[in-house]
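J.: Before I ask anything, here is the structure I am working with.
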């Protein structure tokens, strides 16, 4: 089924590529459905879209979607001055330069200044006005600026609209809301690019140092795991102890203050949580809860001290296993490449699907009473119809891209399918990596004499087994997770659409569903991870492996708790990676290389430590399985390392095992 879905996904991409046209995203389109700036066309040198009357555009979103109800033309540059057609026509005889400048913003081929103004504006041969503009997203937008807190265009606050009225530049605000901020962001983007060009080698040095520090940390972890673990444990105890003291201090501080002796029951339900913090009963409850947690942790440390030693030994054993199979540290690169391919294919397919429509033309009439307004039309036969007679000045102009065919009707369904298969493939790539690493580390654990019995090329052997024997199991686990993730995506989409609703019950229900499916996804990831380990060890199917892994963990729940605390302590102390530099280049924004190195270092460290976490999880399940299957006798010897065996304090290892 998985292979059939992949073949269908490829077919969907091919169909989208055949029907789609990314030029619809790259190039703006004029009122005749022609691309601005396209090679080998009349618009080759006209790369910018100009709007006859930008006041008719409600917002920049409308402009970018090419659905502004005004004539749109491709021009080589945006206007740089205020001018009206009335003034230009009146002075064209003795100032022809103004006419020649203005007519470049008229329809191609129009050069008749003697035509009456009413007819020109009716037929929209020329715009009634032009205003100083600058290109943004290959479209002409008003050149706004702020002077002494007043919005201006070319230092003017008013302009003539070409229809006998004087307008304020604030009337353009709706048509260009937020454009200045985005334009400023473009200059910021250029400065960031310059900073990258100057500091790229320092960034690479910082990332290399992060990689070496991560590698060194993993090697040293076998000697420092116990220290880090106990520092974390006593740190938690100390923080909780401080919390108990602070609660007592607040409880004692509120003594004698009027109203502080009221109970929670007396004041009832309050939306402001600060009200409860004014009650002594609240701080007493907090103190009792923290005391209970503190006592539980201390008792666990006392009665489960031997289990803690085993958890620390597993952390050290993970570092030793990676030392024997160093190639596993570089496997995250394979997972990264697979996910990058999935993301690229999904993004390209989504773009082609979104641009699969054919040009749709609609009647644009100046008269509001025209019954043909906004109806679809054919520009080739439009002049032969009676629409122009019944609606003088009506035009058949490009509106948007769409279609009425079966393919165009189901584009939304195809987009959902594209997103679903993308999630499935990404989860499969992650599952393949987890199963491959688990198989490699399991081969280390079940080697009786370490490292002599570790098979040659364990990582490559495990990868081959995962592809050859476990593809179906991994695909099934990834499918379950993809379904839940798709539901979460749909819920997020519904939440975005219903943000403005006043129905409190709907918002509450949606919030509960989002929370439940978030928890379900986290639980499934936990189950899948351990199921893939069991698949790598025994080669059983997904459901059987998931069940056996779950019950194995439940039978060793105290081990699981301490193992989780140990891994948490490990990650707690690996959040900061030092970055060294000897000289600092001159930059526009010093946070650009700094933030890049921090994020890059985190990703590098996360790649190394994810391998380590998978190693420890695999060794943990193997350890639990070893305890259940074997008893340390000659017939059923333990496969665990000598250090783990000494901690158990059971039977001695055989001479061969001890030597190993």
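Heads up, the Cβ atoms here are built off N, Cα and C, so glycines get one too.
These figures come from a predicted structure and were not determined experimentally.
Per TrEMBL, signal peptide is recorded for 1-16. Marked as transmembrane segment by TrEMBL: 200-220, 227-245, 283-304, 324-348, 421-448, 469-491, 559-577, 589-609.
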J.: Determine whether the transmembrane segment (227-245) and the transmembrane segment (200-220) share at least three Cβ pairs under 8 Å, counting only pairs 6 or more apart in sequence.
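T.: No, the transmembrane segment (227-245) does not contact the transmembrane segment (200-220).
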J.: I need to check the long-range neighbours of the transmembrane segment (421-448): which residues 6 or more away from its ends have a CB within less than 8 Å of a CB in the stretch?
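T.: That would be 2, 5-6, 8-9, 321, 324-325, 328, 331-332, 334-335, 338-339, 342-343, 345-346, 454-455, 458-459, 461-463, 465-467, 470, 474-475, 477-479, 481-482, 485-486, 528-529, 532-533, 535-537, 611, 614-615, 617-619, 622-623, 626, 637, 639-640, 656-657, 660.
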J.: Can you tell me which parts of the same chain pack against the transmembrane segment (469-491), counting only residues 6+ beyond its ends and a CB-CB cutoff under 8 A?
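T.: Same-chain contacts beyond the ends: 1-2, 416, 419-420, 423-425, 427-428, 430-432, 435, 510, 513-514, 517-518, 520-521, 524-525, 528, 531-532, 535-536, 539, 541-543, 545-546.
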J.: Below 8 angstroms Cβ to Cβ, which residues of this chain, lying six or more residues outside the transmembrane segment (324-348), approach it?
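T.: Same-chain residues near the transmembrane segment (324-348) but 6 or more away: 13, 215, 218, 418-419, 422, 425-426, 429-430, 432-433, 436-437, 440-441, 444, 450-451, 454, 457-460, 607-608, 610-611, 615.
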